[in-house]
Structures are given as structure tokens and as C-alpha cells.
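Visitor: Relevant sequence annotations retrieved from TrEMBL are reproduced here:
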- Lys31: active site (ACT_SITE)
- Asp11, Ser12, Gly13, Lys14, Thr15, Leu16, Asp40, Glu95, Gly96, Ala97, Gly98, Glu181: ATP binding site (BINDING)
- Thr15, Asp40, Glu95: Mg(2+) binding site (BINDING)
Amino acid sequence: MNYFVTGIDTDSGKTLVSAILCEALKADYWKPVQAGFPRDADTVKSLTSESVKIFPEAYTLNTPASPHAAAAIDGVTIELAKFVAPDTQNDLVIEGAGGCLVPLNDTNFVIDIAPEVADAVILVADLYLGSINHTLLTVEALQKRELPVKGIIFNGKSNPESERIILHHSGLPCLLRITPEETINHETVKRYAERLKENWNA
Ligand SMILES: Nc1ncnc2c1ncn2[C@@H]1O[C@H](COP(=O)(O)OP(=O)(O)OP(=O)(O)O)[C@@H](O)[C@H]1O
Ligand SMILES: C[C@H](N)[C@H](N)CCCCCC(=O)O
Ligand SMILES: [Mg+2]
């Protein structure tokens, strides 16, 4: 299975979640569009087991900005047709850039990559004041596109009422809760991967 990891915003924790998914599922990793450095692919490499294969990006852009703007700065036009899922016998974790409606160009959004390459979406929702609205808007955007959503991963300081009302309105399962960690390393990722495996087929 190919999983597309999206978030309710940039910095929501998609790269951390992608590392946890790769570790839990023994999956490979692909970031189709990287805007700015360090490369998320290098971060996932450093957080996961040697066996996790990292595929090269379709686009690596120099500026940490929206891909449409970063591409223009580099004199590149992003084309949806260039996104072809790498071939692997393993599950594949595909990480978006920013949130769903981050533009790739004047026509397409990051979430338009998902139906081309993935079987299901995993939504990362960090928990800040305002995140209920951002999460439910994202769920609406995914539903409008009829994309199957495997579930939500909450990241950040526990907020049971926010989590409850998001799950209530979205009808989605919670796959994992990640709390703020002082250190994020391979051990942290392995610990969360074990928890994720317990919930995966629940
Ligand atoms: N639970 C957590 N505890 C501590 N630090 C965290 C946690 N979750 C994420 N971070 C840190 O927050 C930053 C942003 O997270 P991350 O890089 O995973 O976001 P992202 O959604 O992948 O962003 P992008 O849109 O750039 O791909 C990173 O430095 C990451 O290590
Ligand atoms: C540079 C950053 N880390 C991400 N790769 C891209 C985030 C784009 C956000 C655009 C926006 O929603 O305003
Ligand atoms: Mg990332």
C-alpha cells in the first residue's frame, strides 16, 4: 500500500510521522516535492532503520516556501505528470509539502499528487488553538476529492476535547497520539512505531 501523509499545516509533524510509519510498516519513503533544506528525506533516513529505502524527490527546490513560489524562483514549472510512484515491493510512505491546498503551480495543489500515487491518506493534526478548524477544513478538502483516509495522527500537547470533537465530526479513527518530545531520535521513532502497530488494524 502507498500512504500519502498530509498535515493541517506546514510543521505539523509530517516528517516525524513519516519516519514512524516507515519504521512501523517496514515501508520505504518518498518526498515528491522538497522546498528548502534540510531535505526531509535525510531526516527520515537519520530517524529510521537501515532497511528503510529512501527514493529521490521528483523536485528539489532551493527556497523554503510554497512549492509554486520556490519553483518559480528556481525557474522550474512543476508538472503533475512528473509524479510517478517509485516501484517497490514494500509499503511506501509519501510525504506532502505543507498542507493539502499548498499550490504546486497555478492549477494544481499538493493534494492532487495523492490520487496519482497513493491508496490512502494519513492526516497529521497538531494540537494548537485553531487546529480544530484547520483539521476539519482539511478533512472536508479530502472528502470533496473522495480520497480514502486511513486516520488521524495527533501531534502535540494532549487536548482531549479537541481530539474528541475532531474525531466526532470527521468520523475518522485516531491512529496515534504523539506528545511533545525533548529529543527526537531513532529510539523515539521506534517507541511510537510500536504503539502505531497496536492501533493499525484495530
Ligand atoms: N512531538 C514533537 N515533539 C518535539 N518536536 C517535534 C514534535 N513533532 C514535530 N517536532 C519538530 O517540529 C518540527 C516540524 O516537524 P516536521 O518537520 O515533522 O513537520 P512537517 O509537517 O514535516 O513540515 P514540512 O511541511 O516542512 O514538511 C521539526 O523540527 C520536528 O522535529
Ligand atoms: C518550506 C516548508 N517547510 C514547506 N516545505 C512548504 C510550506 C508551504 C506553505 C505554503 C502556505 O500554506 O502558505
Ligand atoms: Mg516534512
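For all residues, glycine too, the Cβ spot is worked out from N, Cα and C.
A TrEMBL annotation is a machine prediction, not a hand-curated record.
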Visitor: For the binding-site residues listed here, Gly13, Gly96, Gly98, which shows the highest count of neighbouring CB atoms within 10 A?
Guide: Gly96
Visitor: Using CB under 6 Å from any atom of ligand 2, narrow the binding-site residues Gly13, Glu95, Gly98 to the ones that qualify.
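Guide: Gly98, by Cβ distance under 6 Å.
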Visitor: Helix, strand or coil by DSSP: which one applies to Gly96 (ATP binding site)?
Guide: strand
Visitor: What is the separation, in Å, between the Cα atoms of Gly96 (ATP binding site) and the residue listed as 'active site'?
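Guide: Between the alpha carbons of Gly96 (ATP binding site) and the residue listed as 'active site' there are 7 Å.
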Visitor: Starting from the Cβ centroid of Thr15, Asp40, Glu95, which together make up the recorded Mg(2+) site, report each further residue of the same chain whose Cβ lies within 8 Å of that point, ordered by sequence.
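Guide: Neighbours found: Val5, Lys14, Ser18, Ala19, Tyr29, Lys31, Ala41, Thr43, Val44.
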Visitor: May I ask which residues of the same chain, at least 6 positions away in sequence, place their Cβ under 8 angstroms from the Cβ of Asp11 (ATP binding site)?
Guide: Asp126
Visitor: Are there any residues at least 6 positions away along the chain from the residue listed as 'active site' with a Cβ closer than 8 Å to its Cβ? List them or say none.
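Guide: Arg39, Asp40, Ala41, Val44, Glu57, Ile94, Glu95, Ala97 - these are the non-local Cβ neighbours of the residue listed as 'active site', listed in sequence order.
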Visitor: Please check the recorded positions Asp11, Lys31, Gly96, Gly98 against ligand 1 and give me the ones with CB under 6 A, sequence order.
Guide: Asp11, Gly98
